[in-house]
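Engineer: Residues or ranges marked as active site, S-acetylcysteine intermediate in TrEMBL: C431. The active site, cysteine radical intermediate annotation in TrEMBL covers C432. What TrEMBL records for 15-637 is domain 'PFL'. Annotation source TrEMBL lists domain 'Glycine radical' at 644-769. Marked as glycine radical by TrEMBL: G744. Residues or ranges marked as region 'Disordered' by TrEMBL: 630-649.
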Amino acid sequence: MPVKQIQNYYWREKRRIFSMANFEQWAGFEGRNWKSSVDVRDFIQENYTPYEGDESFLEGPTEATDKLWGKLQELQKEERAKGGVLDMETEVVSGLTAYGPGYIDESMKDLEQVVGLQTDKPLKRAFMPYGGIKMAEQACTTYGYQPSEKLHEIFTKYHKTHNQGVFDIYTPEMKKARHNKIITGLPDTYGRGRIVGDYRRVALYGIDFLIERKQYDFERYARHGMKGEDFRLREELADQIKALKEMKEMAAAYGFDISQPAKNAHEAAQWLYFGYLAAIKTQNGAAMSVGRISTFLDIYIERDLKAGTLTEKEAQEIIDHMVMKFRMVKFARIPSYNQLFSGDPTWATLEVAGLGQDGRSMVTKNDYRFLHTLNNMGPSPEPNLTVLYSSRLPENFKKFASLISVTTSSIQYENDDVMRPVWGDDYSICCCVSATETGKEMQFFGARANLAKCLLYAINGGVDEKTKVQVGPAYQPITSEYLDFDEVMEKYDEMMEWLSKLYVDTLNMIHYMHDKYYYEAAQMSLIDTDVKRSFATGIAGFSHVVDSLSAIKYAKVKAIRDEDGITTDFEIEGDFPRYGNDDDRADEIAIWLLKKFMHKLNKCHTYRHSVPTTSILTITSNVVYGKATGSLPDGRKGGEPLSPGANPSYGAEKSGLLASLNSVAKLPYELALDGISNTQTISPNALGHTDDERKENLAHVLDGYFDQGAHHLNVNVFGVEKLKDAMEHPEKPEYANFTIRVSGYAVKFIDLTREQQLDVIARTCHETM
């Protein structure tokens, strides 16, 4: 058949498929485009109701919510008493239909408005070997569970895992760099995560419609002259279609038929959650985000409220129960993972607010309801609630969000005004701070390169300052007594060139093998087939490099060498400007560093034509990275934690909160589209003497910070003494759910290791603005 005839056939077939989309469940919804193609954004823009009012409409928890949350708190307490894991699977490999239905409490299952567990019991951790059988087994043995011998045989003899595939092809140079932690946190021992399925599609269209669309795409790629990419895509589509069919089976086990669209708000929440449940049953990624679901669900709630089939109390109950499920997401992790990502995070990131491309506020009553769950059920790290902020958001909402921050320290803020021009008005946060266009895009997660250690490699000619191993290229080391700025910059540029190429090559291998052995079929089935891909990288030690280069430039830095001639320490003579004080001399070095690293990444070949991005984000792994990094020219001693994310170095901020924020705000978002994480702790008295004063002042701070073009802010409002008391007396009831924001996520403070607690306490707590 000639090419033109084939094209005409597929266009006719496409029209036939989508002309059938006229469901009775859509009664009352406006718009046409979203009915003829999968376009959730268009549905939202045509149907949502902006809300300018205050929080007075909100309802407290229902009796059912209190009972279920009370039971879940009992289980969480038991989990903590058992060392952090309540129960763990050893005999069943996790999958969409691996288990029958499970409930928080079998005797109260009729109270659950949103049902579905990862396994058969609440808080039980699934056995997920596809990422790596060794890691899955180690997670079991760490907590006293015995892995299945039969599964060990299957995944060592008959089925290769992602981890095995990666290490089979790693080069010696890659292994050495990984071992010496100049590139670290790599997703080669766990699921990469950072992929957000458009779970709203399950509710809006139903599974059968989505299957038909994917089957059309499958046939669309059947043509003469197919190449390797076509074969791979058809296999991936076949896996996606299988996953969609299994989602129906999974939901049927709970008594629901999700083949058709949801007919009301309760079904919309349940259908959407089943889509997310499919993701967390099949992947244990470092970030398993929920996405931008609030405004979408509000459309169904508003329709039911107007029809008189739902009350506000019932609407809040649905949201409370959905959030309760997000709070229950658990994965089996190994000790080395927990050191990098402390506190058992899952990054079930969920966004509220933002503006539309047409300038309308996208704040709805449902945004209030999601934030209100922190009142109804208390503070919690999950879901990772994120406000997409703009100074043009309704004043009532800004003050309400600020009040929630003041009282719970549980939410983060990201600048919608800098993200919307890049990602549109229907993006999701796919991990801590990174944006992706919902349903249109995926991200390849890339952990971090330690640019602080790279600076030491430049000084020492590629020799690791801790292990004394030749890791980088054997360039001529710097041998002068005092470091010369121009010489350091020249050698640092060369070493960064080597590191960026090795880093990207390593990530290319990882993602090739992840696609091959641990493909995210369930999530990708809810994303467009013609998906856009970004290639995420990251920077560790950012502020220390900036201050080190500033010290070399503006002060005198003497190199202290050991008996082998390796520079292991530094002496600083004189003062120098530090990043974090609104001093352009230091802040311009920060901009240069970000621009230089991104320029080098852009020269590299990236897997599957993905677009390189970077982030300044370290999670709690700044402690681990710091242990592996020697003393630096800025005065930081070897082994001490690195400053997290884009935060200034510990003790560097001498000019108050606003000066620190101004420095970070100068970093251009367009150079770090993967995100620029900034975490600040503010003493309550610095914001005011009452909660009303504090919420007003915090809203003003947020307006000023984000209007400068800053990207992200974690807000903690408490004093250091509270942290110290919680560390010494974790048994106190008020600390059971004491939540703090760290670099890009929230965590229960008492779930951190003592070392990480001390790191948090050492961070600057601003007593003045």
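Heads up, the Cβ atoms here are built off N, Cα and C, so glycines get one too.
Give me the structural setting of these features: burial, nearby parts and distances.
Structural biologist: If you draw a 10 Å sphere around the CB of C431 (active site, S-acetylcysteine intermediate), it holds 30 other CB atoms from the protein chains shown.
Its Cβ placed at the centre, C432 (active site, cysteine radical intermediate) has 30 other Cβ atoms within 10 Å.
Counting only residues at least six positions away in the same chain, the Cβ atoms of Q412, C431, C432, V433, L617, I619, G645, G675, S677, H712, N714 sit under 8 Å from the Cβ of G744 (glycine radical).
A Cβ distance under 8 Å defines the sequence-distant neighbours of the region 'Disordered' (630-649), meaning residues of its chain 6+ beyond its ends; these are 452-453, 455-456, 465-466, 483, 540-545, 547-552, 557, 568-570, 572, 578-581, 616-620, 622-623, 660, 663-664, 667, 676-680, 742-744, 759, 762-764.
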Engineer: How many helix, strand and coil residues does the region 'Disordered' (630-649) contain under DSSP?
Structural biologist: 0 helix, 0 strand, 20 coil
Engineer: Averaging the per-residue pLDDT over the domain 'Glycine radical' (644-769), what integer do you get?
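Structural biologist: Value for the domain 'Glycine radical' (644-769), mean pLDDT as a whole number: 94.
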